[in-house]
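Contents: one structure, followed by commentary.
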Amino acid sequence: MHLLIAAAGSGRRMGATRNKLLLPLSGQPVLAWTLQAALEAESIHWIGIIGQEIDRSEILTLVEGAPKPVAWITGGDSRQESVSRGLAGLPDTAQHVLIHDGARCLASPHLFNRCSDAVRSGKAVIAATPVTDTIKRVDASGLITATPNRAELWAAQTPQAFSVDELRQGHREAHACGWTVTDDASLYERLGWPVNVLDAGPSNIKVTTPFDLTVAAAVLAERLG
């Protein structure tokens, strides 16, 4: 299985002046935990790291001596463009691909393997978790306009797993039509293609704020004993 890791994270919401994935977390950079899980996942045979050139040397230091092939792919100005470049950088033999946010540093090897198994069976899948809060739809003035049925709501996460040919087609359509999406599953939705959810459990958080770092450190402390 081929894995693309989006690693061009901004530090803006962290109050940091550098890539948040290079901030320390329990003794090593955030991204190192993501890479460790990917390298331990039996299903993953090739990893592409999509990042910005300014971070290239520091990120590649994290995978020196890695037991699997790891390639560097220079990203674009948006996540969508970066993933498109990542798809262009896949080996010719790639049939399926997992897309993963480097900031989801608590993803387990088992989660990568589950997503890999699902996409090999012919399903496009995304890691997700059922929403537990009551969600409100709110207009521009701050007025609540609706309360969606919580039973139908899931928070989309990564890894997201797809056919390489289909996902490339989705990105071509997005470019041609001017679509802007925040995850790759949205391209499938626009094209009317089915995507399934795979329950990732409660710990597959995305590290975005200082509070998220605190939560991630607590989860890692529990895992590591």
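Using N, Cα and C of the backbone, Cβ positions are placed for all residues, glycine too.
The annotation site 'Transition state stabilizer' is assigned in Swiss-Prot to Arg13 (among others) on the grounds of sequence analysis.
Under the heading site 'Transition state stabilizer', Swiss-Prot lists Lys20 (among others), citing sequence analysis as support. Lys20 (site 'Transition state stabilizer') falls within a helix when secondary structure is assigned with DSSP. Over all protein chains present, the Cβ of Lys20 (site 'Transition state stabilizer') has 25 other Cβ atoms lying within 10 Å.
All chains included, 12 other C-beta atoms sit within 10 angstroms of the C-beta of Arg150 (site 'Positions MEP for the nucleophilic attack'). When secondary structure is read from DSSP and collapsed to three states, Arg150 (site 'Positions MEP for the nucleophilic attack') falls in the helix class. The annotation site 'Positions MEP for the nucleophilic attack' is assigned in Swiss-Prot to Arg150 (among others) on the grounds of sequence analysis.
Around the Cβ of Lys206 (site 'Positions MEP for the nucleophilic attack'), the same chain contributes Asp101, Ala103, Arg104, Gln157, Asp212, each under 8 angstroms and 6 or more positions distant in sequence. The site 'Positions MEP for the nucleophilic attack' feature in Swiss-Prot is assigned to Lys206 (among others).
Note: the CA-CA distance between Arg150 (site 'Positions MEP for the nucleophilic attack') and Lys20 (site 'Transition state stabilizer') rounds to 31 Å.
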